[in-house]
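Scroll down for the structure; my scribbles are underneath it.
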Amino acid sequence: MAGFNPTTKTQEALQEALQKASAAGNPDIRPEHLLAAILGQEDGIAIPVLRATGVDPDVVRREAEALVAKLPKAEGANLANPNFNRDALSVLNNAQELAGELGDEYVSTEVLLAAVARGTNDAAELLTKRGATYDVIKGVFPSVRGNKKVTTESPEDQFQALEKYSTDLTARAREGKIDPVIGRDQEIRRVVQVLSRRTKNNPVLIGEPGVGKTAIVEGLARRIVAGDVPESLKGKTLISLDLGSMVAGAKYRGEFEERLKAVLDEIKSAEGEIITFIDELHTIVGAGATGDSAMDAGNMIKPLLARGELRLVGATTLDEYRKYIEKDAALERRFQQVFVGEPSVEDAVGILRGLKERYEVHHGVRIQDSALVAAATLSDRYITSRFLPDKAIDLVDEAASRLRMEIDSSPQEIDELERIVRRLEIEEVALSKETDAASKDRLIKLRQELADEREKLGELVARWNNEKGAINKVREAKEELERLRSESEIAERDGDYGKVAELRYGRIPELEKQVAEAEEHTVETTMLSEEVTPDTIAEVVSAWTGIPAGKMLQGETEKLLNMEAELGKRVVGQSEAVVAVSDAVRRARAGVADPNRPTGSFLFLGPTGVGKTELAKALAEFMFDDDRAMVRIDMSEYGEKHAVARLVGAPPGYVGYDQGGQLTEAVRRRPYTVVLFDEVEKAHPDVFDILLQVLDEGRLTDGQGRTVDFRNTVLILTSNLGAGGTKDEMMDAVKRAFKPEFVNRLDDVVIFDPLSQEQLTHIVEIQIAQLAQRLAARRLTLAVSDSAKLWLAERGYEPAYGARPLRRLIQQAIGDQLAKKLLSGEVRDGSEVHVDADLDNDGLVISAS
């Protein structure tokens with residue numbers, strides 16, 4: 001139509017109307033098609049306009065679709081491209097006229113909607129019947145469009161931009177959807193002070209991730225709603241700007257800038273009534289910049305920030321502030337820094353107490369106060385890579401979630417009984433097919449047993465359902481209580497004191513009494529645990545870090561008390577070393593060790609082959625059931641001074657900077673481990689300087705500036721300095737090789753004694769048991785006679801070399817012979833292998849049976 005200048009959305013609506021008419025078999029396009037097409041656009045302006053009139057757009061769209069379905073149908077060649085009928089052309093003319101009246105350069109969809117309502121057709125009648133007359137629709141334009149004119153083909157980005165690209169935090173606070181903020185009064189007061197300035201009233205919250213920067217802004221929103229702010233902030237609206245949704249879908253150059261400008265214009269036109277919050281403030285630097293253009297979000301808001309027309313609260317981490325904001329001095333000077341530090345453990349407990357009720361209602365479980373204290377203390381001690389209160393809140397959340405999952409899934413007793421019943425049912429089916437007397441007798445007994453088990457199962461399931469029902473009833477009552485408290489706060493703000501009195505002195509106390517009674521009843525339940533305890537928190541800590549933080553079970557206590565005997569099964573004749581290591585582990589597990597130092601740090605001295613490395617492996621096996629579960633650093637690889645970089649990671653600017661160090665990365669991934677520095681005397685002396693902090697403070701900073709926690713590791717250094725000398729000579733050798741400050745930081749220097757002939761006999765037993773374990777894979781049984789063991793102990797005894805010659809001897813005397821016999825077929829898989837001494841030929845004889 002000549003002179004008709006539609007926006008992109010209007011063009012799409014016209015095209016959709018054409019398609020609807022064609023698909024329905026209608027000979028022409030009518031206003032009904034136009035109305036159905038306009039209201040089918042989810043992101044158009046017509047829907048918010050119709051909603052502003054108090055009419056439900058979905059209902060009108062369905063009724064318009066019904067009108068289209070009733071229109072006369074035709075058959076013919078022109079159905080693929082129907083024309084507008086007289087009523088539809090009249091709508092388009094009216095729309096063009098109205099656009100001119102409004103000063104619009106393009107006809108937008110809300111103007112087209114008003115034009116449909118102005119006509120004398122069925123679509124207009126439908127709108128009028130619902131109360132959306134031409135005058136009513138036109139009357140709500142200012143509330144939706146503001147004072148903006150349609151000057152582009154896509155005005156939708158400019159209308160209601162704030163509603164689209166932001167979240168109203170004050171509205172969420174009114175609805176009770178924001179968690180309470182405990183403490184942080186000083187930081188909130190500082191933010192309020194900066195916001196109350198005349199110019200540059202833009203605070204930026206800077207702190208580590210998880211310390212509660214966003215929570216401070218949410219706390220401010222709650223205070224604004226409660227009126228607990230200075231006059232300059234009373235009644236203000238606090239919005240959170242979503243830059244992500246603003247950038248998303250901006251296909252053409254300038255589209256993002258258009259959206260941002262529309263948002264900024266709305267904020268400006270509010271004349272200081274809106275405070276804007278941008279989480280991850282550093283994202284404004286570079287957001288929306290294209291090619292060589294310097295026009296990004298940061299540069300667009302600078303003038304507004306300087307003049308005080310935009311009150312902006314930002315939040316970002318220290319690293320990102322330094323990396324993005326500080327580089328732009330003009331942007332940085334417009335912000336006032338508010339540093340948010342990590343709260344202390346005591347403050348974190350207070351924060352958790354404030355959030356406790358929300359988490360209890362969400363998960364439907366009770367949380368003990370001691371569990372909150374445990375969450376703060378254990379997270380502070382063991383989860384060192386994150387910050388309070390975030391990590392403590394996560395612990396409580398996951399512990400409650402774990403408990404809820406256990407409540408919802410069937411208990412172990414029911415599980416076991418169900419398996420027994422299933423097994424008996426299968427057996428019953430099998431026996432019912434048998435005809436012999438024994439089977440029939442067994443079937444009678446089995447059916448009786450099955451009936452008993454089913455009865456037991458039925459009772460347990462009924463009891464479980466009752467307990468679960470009681471717990472769920474408490475949960476529902478708590479949810480209702482939370483809703484009533486929120487209603488009471490809203491009524492108090494609205495001045496409805498009658499409702500406040502009814503809720504606070506009637507329904508809320510009554511419900512609180514019901515909850516208390518129901519909780520007393522659920523305490524008596526035995527099948528289901530519905531209380532988060534310190535042990536539950538400790539289990540979650542153990543799952544996250546691998547550190548056994550919970551109470552020791554009886555079995556573990558006995559295991560720790562008998563630790564020397566357990567380690568002695570692998571390490572023979574070194575009782576002093578075994579006792580020293582066992583004492584260190586027991587101290588740590590019992591909680592009497594210094595929490596700021598490693599569990600234990602030892603220097604093992606002694607000749608080669610006496611069990612220094614073997615003790616480290618035995619300790620790893622004792623603690624983790626796997627002797628390879630340790631960090632082993634072979635110090636002979638660190639003979640050069642520059643090799644220290646491999647332990648902690650290369651410094652910035654060097655190749656491999658982003659890969660981390662061999663020591664620091666391994667301990668960061670597994671903070672509860674055994675670290676073995678083997679053959680330390682082979683390393684360059686400067687390598688030990690980096691271990692000083694580890695031994696004293698239990699921490700080490702890697703090449704990327706991250707602090708790695710060594711407080712839950714056992715550090716073992718092995719060396720054969722002064723081997724063969726007396727104890728004093730060995731200690732003198734240590735003092736010559738290592739600096740005093742290094743030796744002084746070790747828990748103990750343990751000297752390993754050379755092995756005696758008798759001790760070697762025990763080692764023969766251990767080595768043969770290991771060989772038998774390897775042969776078990778081929779179903780071979782190994783039987784070694786006492787004379788053969790004695791022969792091995794005598795021939796393998798070389799005091800200067802320890803137990804290693806014995807291992808070589810077993811390999812040659814038994815392993816080599818056995819390998820040949822297996823390959824030749826003399827010994828087959830599944831055989832029993834006998835090893836005897838052949839004293840005449842000074843060797844061993846292998847036979848199979």
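Every residue, even glycine, has its Cβ placed from backbone N, Cα and C.
Database features, via Swiss-Prot:
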REGION    1-25  region 'Disordered'
COMPBIAS  1-13  compositional bias 'Polar residues'
REGION    6-71  region 'Repeat 1'
REGION    84-147  region 'Repeat 2'
REGION    160-342  region 'NBD1'
REGION    343-546  region 'Linker'
COILED    393-525  coiled coil
REGION    556-754  region 'NBD2'
BINDING   Gly606, Pro607, Thr608, Gly609, Val610, Gly611, Lys612, Thr613  ATP 2 binding site
REGION    755-849  region 'C-terminal'
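Around Lys612 (ATP 2 binding site), the C-beta neighbours below 8 angstroms that are at least 6 residues distant in the chain are Ala577, Phe604, Leu605, Gly606, Thr718, Asn720, Phe752.
Taking the mean position of the Cβ atoms of Gly606, Pro607, Thr608, Gly609, Val610, Gly611, Lys612, Thr613 as the ATP 2 site, the remaining residues of that chain whose Cβ falls within 8 Å of it are Phe604, Glu614, Thr718, Asn720, Phe752, Gly802, Ala803. Cβ-based neighbour count (10 Å, all protein chains) for Val610 (ATP 2 binding site) stands at 29. Mean model confidence for the region 'Repeat 1' (6-71) is a pLDDT of 80. The Cβ of Thr613 (ATP 2 binding site) lies under 8 Å from the Cβ of Leu676, Asp678, Thr718, each on the same chain and at least six residues away in sequence. Residue counts for the region 'C-terminal' (755-849) under DSSP (helix as H, G, I; strand as E, B; rest coil) come to 53 helix, 19 strand, 23 coil.
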